[in-house]
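According to Swiss-Prot, the features are:
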- ARG78, ARG103, ASP130, PRO131, MET132, LEU133, ALA134, THR135, GLY136, VAL137, SER138, ASP199: 5-phospho-alpha-D-ribose 1-diphosphate binding site (BINDING)
- ILE193, GLY198, ASP199, ALA200: uracil binding site (BINDING)
Amino acid sequence: MKINVVDHPLIKHKLTLMRKKDTGPKEFRELLKEITLLIAYEATRHIETFETEIETPLEKTKGHFINDKDVVIIPILRAGLGMSDGILQLLPNASVGHIGIYRDPKTLEAVEYYAKFPKITDNSIVFVLDPMLATGVSSIKALEIVKKNGAKNIILVTLIASPEGTEKVNIEHPDVIIYTASLDKKLNSKGYILPGLGDAGDRLFRTK
């Protein structure tokens, strides 16, 4: 199973604040951005560097740069938008695409309503952002769409994952690496993660 739980005191602290039901939208947004940045620090280990010569104030030396122009960031709308700024702080030259997917409340199936991507090549490293990996249907659908547009190296970055959703993604997309802040207990009968943090999109945009 290609899942990496980023175990760090700062992430645990900030995630606990996000889980609290009385955390307001302003703080929730800030915490989501901060945790995404911390997870992305680990997830970006897969980016290759190239050697170059630079000049310090004292002498010439060799250094390393990453080619973040080969990086594509794709948040799943709506809630994935709240993660974009966090990873873009680390990779400011990355290209950004968007996928619009919602989960039908009756069937729990993923429905695509929007997709717009920058150029994706064989060398691209694509980060798909989805705060909650619950049933897995939205992430599976998004990964399917991204692959159809040429993505070969894909990393799914999520805040909280369920065992059920993680297993489904691994079955459908065994080549995709998952990074998360927490692997939670289970799903409830409505497809929400327990203990989770509720509906990330609603808390992010104050739509309920």
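Please read every residue number as a count from 1 along the shown chain.
Glycine residues also receive a Cβ, built from the backbone N, Cα and C atoms like all the rest.
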Candidates ASP130, ASP199: member of the binding-site residues with the richest Cβ shell (10 Å): ASP130
Long-range Cβ environment of GLY136 (5-phospho-alpha-D-ribose 1-diphosphate binding site), under 8 Å and at least 6 residues apart: SER162, GLU164, GLY165, THR166, GLU167, LYS168, VAL169, GLU172
Reduced DSSP assignment, MET132 (5-phospho-alpha-D-ribose 1-diphosphate binding site): strand
Assigned conformation of ASP199 (uracil binding site) - DSSP reduced to three states: coil
ILE193 (uracil binding site) CB neighbourhood, other CB atoms within 10 A: 26
Cβ-based neighbourhood (8 Å from the centroid) of the uracil site, residues ILE193, GLY198, ASP199, ALA200 excluded: PRO131, MET132, ALA134, ILE160, TYR192, GLY196, LEU197, GLY201, ASP202, ARG203
Sparsest-packed among the binding-site residues, when each Cβ's other Cβ atoms within 10 Å are tallied, from ARG78, ALA134, SER138, ALA200: ARG78
Among MET132, GLY198, which are binding-site residues, the residue with the most C-beta atoms within 10 angstroms of its C-beta: MET132
